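Asker: Sharing a structure here in C-alpha cells format.
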Amino acid sequence: MKLKFIFLILFFIIGNSIGIKISKEINKIKLNDISIDGEILLNKSSDSSSSQSSKIINIWPMPKKVLNGDITVYISPHFQFTTNLTKSTTLKKAMDRYYKLIFTEDSKSHSGISILNEIKILVKSEDETLQIGFDESYEIYIDDSGDDGGKIIAETVYGAIRGLETLYQMIGFDYQREYYQIKHCPWIIQDSPRYPHRGVMLDTSRHFYSVDVLKEFIEALAYNKFNVFHWHAVDSQSFPLTSTTFPKITKGSWSSQEIYSTRDIKEIIQHAKEYGIRVELEIDMPGHAYSWGIGYPSVLPANFSHSIQCQQPCPTECNIPLDVSSKESYVIAMGLLEEFNGASMFNESFFHIGGDEVAYSCWNNSLRIVDWMKRENISSFQDAAIFFEIKAIEQLIQLGKTPVMWEDAYLLFGSSGITEKLPEEVVVQIYHDPLLALNTTRDGYKTLQSPYWPYYLDNPSVDWEKVYEFEPSNGIHEKRLRLLLGGETCMWSELVDASNLFAKVFPRAFATAERLWFSIENSNSTTFAKPRLERFRCFLLERGIGAAPLNSTSPDDPNSCYSS
C-alpha cells in the first residue's frame, strides 16, 4: 500500500507541474494518513470525469490536481493570514477581504490536537501587471496536524487571490460546536487555468448599471475565477462614457444621471485590478453608432432616416453606422481610441472595436458617401467598411494595443473580391458557429469563443447544462490550439437591468467559468458538476450575489440551499 501511495505522490508531482518547486513543501506535510480507497483515489486523479464522486472535492471551478485525506483540522480563534509580500496593497486587501468573508462567526477553541493557527501566503513575483497570460497558478498545502500551518504558494498576487477563493470553499463552520474547520486534510492542490482569457461580456448601453452594481459584478466574476470583464460600454442605444476630448458625446446617454464619469471609469478599473480582473473596453465601430450622432450629427450618414432600408425602430434597434466618408467620423473615432487607451485610463492591452453588423443599407441614400467612394476608388460598401476598419486597427496597433473584433471583420476581409487581408494582430471573437474557429486558427488568428448558442445568456432557453457541455476547442487541430485564447459568455441587456442581472448571468456563467478553467475530457459531465455547482451557488448567495437556482428563475418550494 505504501509503494502504491508513493507512486501516486511521484506521479502527482511530476505530471503537469505548474512551475513552482514544491518538494520541500511536500516533505513538511504528513502524507501517510491520506486515505487511498478507491473512491477518494479516483477523486485525486487529474483526469476528472462524470463517474467521479464530488463529495470530497467540493470546489468550483475544479482544481487541476488535488490530493486529500480524511482528517479534520480545526482552526484557531486566533488564526491569521501572513505573507512574504508585505508591501503589496493588492494582496493585503485580498487577505483582509477573505478573512472577513470566511470568519463571520465567533468561534471557540477546540481541544483536538489538529489546530491550524496560520496560513502563509508566499508570492514569488512583485509584478502586479494585468495583461493577457498573467500567471494565476497557485498551490495549497494544509497539514493534517495543523502544526506546520498551511501555505498558499503563487507566482503572482493574482494566483494567491485565486488560491484564497479555493480556500474559502474549503473552510466550514460547525454551528453546534462553534468552531471553524477544514475537512479531508491533508490537502495538496496544484492549480492553474486552462485558458488565459476567461470572461463575461456585459452590455451597459441598452440598460445602465451603476458603478456599485458593476463592482459587485466584477466581484462575482472573481469568485468564479474569471479574469476578464468585457465592458460593452456603448451601442446605438446610448453612449454613457464620458470623454474629455469630445464632451458632447454623452448627449447620447439615456440621461444625465446615467453616465460614467472619468472618475467612475478609473474606480471600476482599479476595483477590477484588486480582484485580478482585466477590463476590456469595447467601443463598437463603424456600426451601432446612432448614439454618437446625438451630440455630433455629422458622424451619421446624411438622409439615413429617409432611406427605407435604414428605418430601424429606436431604441430597440437603431443600428445606424458611422458615415465613413465624414472626416468628423475619423477624428472622433480615432480620438476616442487614443483617449481611452491612454496610460491614465485603460492599461489593458486588448481593446475591442466591434466591427459587427454594419448596416450598409443606411449608406444607400447618402450622396456624400457615394461621391466619396468614387473619389477614393472604392467599389462597394464592404470595401468602404474595410477602409474604416483598417484605420481603426492601425490606430490601436500604433497605440500598442491588440485589436479585438467580432467575427464579421474576419468574414468581411475574407469575402469574395476583397484583396485586403485582416491584419494578423487582430483577435477574432466568434459569436455564431463555433466551428468557425477551425478557419480562424487555420489562418493564424488568435480566437475567442462566444457562440450565441450556448454563450448568449439573453437566450432564456439556454440552461447551465448546455453551457457546461459546450467544448470550445472542438475540431481545432492540436497544433493550433495555442491560438484559442479562451472565450466569453455574453449578457446583452435589452431585457436585463440591475433588478435581474445576477439571476440572468448566474448560475449559467458558472458553467463557462469551469469549462474555461478546468479541462474536462468527458463533456457530458453535468452529473459530476451539479452537486458542486449547487454548493457554489450557496456560497455566492452568502456573499450577496443573487444567483438563480440551477433550473429555474425562482425557488420551487421551501428548502435549504445546501441540502436542496
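One is the number of the first residue shown, and numbering goes on along the chain from there.
Glycine too: its Cβ is placed from the backbone N, Cα and C atoms.
As annotated by Swiss-Prot, signal peptide applies to 1-19, with the evidence given as sequence analysis. Look at Swiss-Prot and you will find Asn43, Asn84, Asn303, Asn347, Asn364, Asn377, Asn439, Asn524, Asn551 tagged as N-linked glycosylation site. Summarising the annotation, Swiss-Prot assigns active site, proton donor to Glu357 and lists similarity to another entry as the type of evidence.
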Asker: Which one is it: of the glycosylation sites Asn347, Asn377, Asn439, whose Cα lies the shortest distance from the Cα of Glu357 (active site, proton donor)?
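Answerer: The smallest Cα gap between Glu357 (active site, proton donor) and any of the glycosylation sites is with Asn439.
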Asker: I'm trying to understand the geometry here, so how far is the Cα atom of Asn439 (N-linked glycosylation site) from the Cα atom of Asn377 (N-linked glycosylation site), in Å to the nearest whole number?
Answerer: 30
Asker: Could you check which of the glycosylation sites (Asn84, Asn303, Asn347, Asn377) sits closest to Asn551 (N-linked glycosylation site), going Cα to Cα?
Answerer: Asn347
Asker: Output, ordered by sequence, the same-chain residues six or more apart from Asn84 (N-linked glycosylation site) with a CB under 8 Å from its CB, or 'none'.
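Answerer: Result: Lys120, Ile121, Leu122, Val123.
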Asker: Please report the Cα separation of Asn347 (N-linked glycosylation site) and Asn364 (N-linked glycosylation site) in Å, rounded to an integer.
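Answerer: Computed Cα spacing between Asn347 (N-linked glycosylation site) and Asn364 (N-linked glycosylation site) is 39 Å.
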Asker: Out of Asn364, Asn377, Asn551, which of the glycosylation sites has the smallest number of neighbouring Cβ atoms within 10 Å?
Answerer: Asn377
Asker: Round to the nearest Å and give the CA-to-CA distance linking Asn377 (N-linked glycosylation site) with Asn364 (N-linked glycosylation site).
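Answerer: Rounded to the nearest whole number, the Cα-Cα distance is 17 Å.
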Asker: Just the number: how many Å between the Cα atoms of Asn303 (N-linked glycosylation site) and Asn364 (N-linked glycosylation site)?
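Answerer: So the alpha carbons of Asn303 (N-linked glycosylation site) and Asn364 (N-linked glycosylation site) sit roughly 9 Å from each other.
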